[in-house]
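Annotated in TrEMBL:
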- 14-23: compositional bias 'Polar residues' (COMPBIAS)
- 37-48: compositional bias 'Polar residues' (COMPBIAS)
- 133-377: domain 'Fatty acid desaturase' (DOMAIN)
- 1-63: region 'Disordered' (REGION)
- 108-125: transmembrane segment (TRANSMEM)
- 130-147: transmembrane segment (TRANSMEM)
- 217-239: transmembrane segment (TRANSMEM)
- 246-268: transmembrane segment (TRANSMEM)
Amino acid sequence: MPLEDGDPVRWRGQQVNGEVSSTPRHRGTGDPPPQDTPATDGSTTETTAEGWEPRPALGDSDVTTEGALQQVGQEPGRREEALMVELSELVQKVVKSSSWWERHGVDISILAFSFLLLPAGFLCLRSAQAIPFLAGVLILGVVHHTLTVKGSHLASHNALTESKSWGKVWAIFFIEICSAFTAEQATYNHVKIHHGYTNVIGLGDSSTWKLPFLNRYIYMFVAPLAVPIITPLVALDLLRNVEWKAALRTLCCMFLGLYCHYWLLLHLSGFQSPWSALLCMLLTRSLLAHPYIHVNIFQHIGLPMFAADRKPKRIHLMSLGVLNLPRNALLDWSFGHSLISCHVEHHLFPSLSDNMCLKIKPIVSQYLKQKKLPYNEDTYASRLRLFLQRYEELMVHAPPITELVGIQ
């Protein structure tokens, strides 16, 4: 899908405050992604998402994205591929020179330490005093999100180990037992669709995070509390798309994870009634649900979107359609660097661990800026204000398409 020299690039619609505005094109957001969808550049989705082995903030003054799109239209496809190859070589040198501790050990240690904190959290809940009890809720809430968000995310990309067999084991453990979701569908939807077609309309455009029937305040501040309930229900619905053996395994793992949490609250934390234990489960499992929902929409929605047959090559697609948030100690620990401050790096090199994404961040940011490509960064507060102000446009209506004219 090469670009011809001199081809112009234009927005479909108007640019308002540095972002795209156009007549919305409505489409359903609940449709399941197509199975085995080939990438439009001739490769498979899996190759697009995981094929590599081993800064301007959006706002009123943002003009870098438009300039980069003009550059996409003026450069031939071979140069785009050469840019990605050159950047990959720079990153590979860093990876090869890194120790196992840097590549996997740091993140495994964070997950292991989180497991060791579990007994302290359950025991704190035995206290009748407010401060120890709240400390128990905080510990269990942070541990839960570390295992279910950071652990599941790394496991879905096989970034915890270099063994595919062990990677499958960790995926089942973190995604199915800890997160009460189905490993096959989580991996397919995230790795092959979201990463393979980042910000491509109808595929990886983050539409699954949209609930257009909710108003902005309900969606942003109330609905996240229901995530622990919605997640297993969605998983049960998706089991229709997997083999019966995998579905049976998932059901057993989901039940095991949920029941163990419930049993420990009754027998280790000393809850007297099932309803109080279930309420505590909901509280701890939704403790960081608000930033979890926010992060998933802040880093893609509102950025350029593309049609499946009108998308640029990989390096431009990821630099245009992905945004980094600033470092945050709590979210870095619970969600991982690749979901917070190194999301651009993660989308370019998805098989790398959180710690390695942080290590290559200076190289990637410097390279993209040298090549006059966007390196999108913005603050959490700024994105929150943007989504509250433009909720209808960004979350209710279908996103406008960034049209690249002249793609063959």
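Just so it is clear, glycine is given a Cβ too, placed from its N, Cα and C backbone atoms.
Predicted, not measured: the structure shown is a model, and the values here were computed from it.
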Which residues, given as numbers and ranges, are at least 6 beyond the ends of the transmembrane segment (246-268) yet have a Cβ under 8 Å from it?
-> 119, 122-123, 125-126, 172, 176-184, 232, 235, 239, 274, 277-278, 280-281
Across the domain 'Fatty acid desaturase' (133-377), what is the average pLDDT of the model, as a whole number?
-> 95
State the non-local partners of the transmembrane segment (130-147) in its own chain: residues 6+ outside its ends, Cβ under 8 Å from one of its Cβ atoms.
-> 110-111, 114-115, 117-118, 120-124, 174, 178-179, 269, 280, 283-285, 287-288, 292, 330, 333-335
